[in-house]
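Trainee: Here it is, the structure, as structure tokens.
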Amino acid sequence: MAQAWAFLLPVLFFGSYVTNLFLPTYASSPLCSGDGGRSFLCAQAPKDKDPSPASTMYKTAFHFQSAKNWMNDPSGPMYFNGIYHEFYQYNLNGPIFGDIVWGHSVSTDLINWIGLGPALVRDTSSDIDGCWTGSVTILPGGKPVIIYTGGDIDQHQVQNIAFPKNRSDPYLREWIKAANNPVLRPDEPGMNSIEFRDPTTGWIGPDGLWRMAVGGELNGYSAALLYKSEDFLNWTKVDHPLYSHNGSNMWECPDFFAVLPGNNGGLDLSAAIPQGAKHALKMSVDSVDKYLIGVYDLKRDAFVPDNVIDDRRLWLRIDYGTFYASKSFFDSNKGRRIIWGWSRETDSPSDDLEKGWAGLHTIPRRIWLADDGKQLLQWPVDEIEFLRTNEINHQGLELNKGDLFEIKEVDTFQADVEIDFELASIDDADPFDPSWLLDPEKHCGEVGASVPGGIGPFGLVILASDNMEEHTEVYFRVYKLQEKYMVLMCSDLRRSSMRPDLEKPAYGGFFEFDLAKERKISLRTLIDRSAVESFGGGGRVCITSRVYPAVLADVGRAHMYAFNNGSATVRVPQLSAWTMRKAQVNVEKGWSAIQNRGSI
């Protein structure tokens, strides 16, 4: 094992990194679309040009992406009549935000996708400014209905409904908008007309009425506004929100679903919820997706969190990296709840114009409640494993302080890696400072993989160049707080690329782990060129990262290592890695390709 820790010398981090989803403003140019200013941005990429090297170098092989142009939020995913549907926010005209419609793709396995034409376009007075995020609810009798936010002619946010034009069409390619759109307007006292969007999937209450929540601002509070309906067409606002909070920005993309402790399956909101079930309320805020666990009080018609936490920095997160606007759905095919999110580009708008595309969706994940009922766990859907090939295995490795073990014989730029780290001793854990919970990213940046600890850092180095000038580190550190153990998981991108014009933070999150009972900490990392998704501790912390290393231009040169830089020895009882084959994603090749997994 090489002793090559010079590559992990401390990195000076110039300037401050600020996670920000506000998109840049473009000046007028000959590329403007001339739509009367309805687009948020007007610059568009030249059409029909040859793909740039960056377009092919950074484009993923098995993540959900549009063939070209801008995409953002997942909207209205569902399983219907044997087919998975993924709708998404999409710009038909270029790789920047604007002119938003609902893209539409279909699949039989959640991995290979056929792109169809747009399901919804902005062609009425209630959505002329954009067909924005929404959900699908399947009504009794197997009738799917879309409810979505539209930007109306006055640039107010309103809620609209659409139905399939022909339910006998297995792909539901055409949708008809309801004649009474918009079905909801932000016209009640205390509502903000430009902060009223992203309706949830509907559910039926004990009184037999439909309910749904819409993200909004009410009297200056962030809220999941609650509405009722008998027929899903005519809605009445309930006099109190499902839940609200006075200490955060407007909640985008709320999601509300039932979970059952000790059950890693999903629960269908349109069916009776079993005794003992809890509910999760997710909101997209502060550029991340956060959530609370609690109960749905049927008498009060309100969500009641198990723990009321005023400081939203302490709210749990779905993902601690570049992940936003997630949407879940109940998969009746396999009795599970699936969630995925939007991972934006972290390069520059000019890069996106050169690439001709921007944005992707994370790998679909199963999501369920941990046995202790305190947090959600996530794991990639099993279907992704159909892309695995060329498996390599190592058992019985031992990593002492400063050790690197190179993982060879897989395509390290397009791989799935599962590794168990077993701690020889837990006596050397450094003390934990609870204030670190307020900003785990800051702590990851302060300690880094080059700073030895009692237990850790240990983990993976991925997408590393020959001289280690470029590399990304995904690793753990173990701390002790009284009789508990806290594990820090980091995905450090600060040396992921030599380019200076990128966002290169050190992402991180903490999870509590009973090391006295279980000495193994698992790590799974999916590497797909510019997208890296990591799952720590069985899905207790998930981190999505976007990276743009030059080493991807010569993919055979990318290296991957298991490492330990802590004082305590770490054993690796099992390390498995696979090369991942390319999926068919939004490329028209006919249905035979996705019906026969052997052809992918």
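Glycine residues also receive a Cβ, built from the backbone N, Cα and C atoms like all the rest.
According to Swiss-Prot, the record shows the following:
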| type | residues | note |
| --- | --- | --- |
| ACT_SITE | Asp73 | active site |
| DISULFID | Cys444-Cys490 | disulfide bond |
| CARBOHYD | Asn166 | N-linked glycosylation site |
| CARBOHYD | Asn234 | N-linked glycosylation site |
| CARBOHYD | Asn246 | N-linked glycosylation site |
| CARBOHYD | Asn565 | N-linked glycosylation site |
| SIGNAL | 1-27 | signal peptide |
Trainee: Please list, in sequence order, the residues in the chain of Asn234 (N-linked glycosylation site) that are at least six apart in sequence and whose C-beta is under 8 Å away from its C-beta.
Mentor: Asn180, Val183
Trainee: Could you round the CA separation between Cys444 (disulfide bond) and Asn565 (N-linked glycosylation site) to a whole angstrom and send it over?
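Mentor: Taking the Cα atoms only, Cys444 (disulfide bond) lies 15 Å from Asn565 (N-linked glycosylation site).
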Trainee: What are the sequence-distant neighbours of Cys490 (disulfide bond), meaning same chain, six or more residues apart, C-beta distance under 8 angstroms?
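Mentor: In sequence order, the residues whose Cβ lies under 8 Å from that of Cys490 (disulfide bond) (at least 6 apart) are Cys444, Ala449, Pro457, Glu473, Val474, Tyr475, Phe476, Arg477, Ala506, Tyr507, Gly508, Ile543.
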Trainee: Determine the Cβ neighbour count for Asn565 (N-linked glycosylation site): the number of other Cβ atoms within 10 Å of its Cβ.
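Mentor: Around Asn565 (N-linked glycosylation site), other Cβ atoms within 10 Å: 26.
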Trainee: By a simple count, how many Cβ atoms lie within 10 Å of the Cβ of Asp73 (active site), its own Cβ left out?
Mentor: 24
Trainee: Rounded to a whole angstrom, what is the C-alpha distance between Asn565 (N-linked glycosylation site) and Asn246 (N-linked glycosylation site)?
Mentor: 43
Trainee: Only counting partners 6 or more residues apart, tell me which same-chain residues put their Cβ under 8 Å from the Cβ of Asn246 (N-linked glycosylation site).
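Mentor: For Asn246 (N-linked glycosylation site), the qualifying residues are Gly220, Tyr221, Ser222.
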Trainee: Which number gives the other C-beta atoms within 10 angstroms of the C-beta of Cys444 (disulfide bond), all protein chains shown included?
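Mentor: Within a 10 Å radius of the Cβ of Cys444 (disulfide bond) lie 28 other Cβ atoms.
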Trainee: Could you find out if DSSP has Asn166 (N-linked glycosylation site) as helix, strand or coil?
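Mentor: Once the DSSP labels are grouped into three classes, Asn166 (N-linked glycosylation site) ends up as coil.
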Trainee: Near the Cβ of Asn166 (N-linked glycosylation site), how many other Cβ atoms are there if near means within 10 Å?
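Mentor: Its Cβ has 12 other Cβ atoms within 10 Å.
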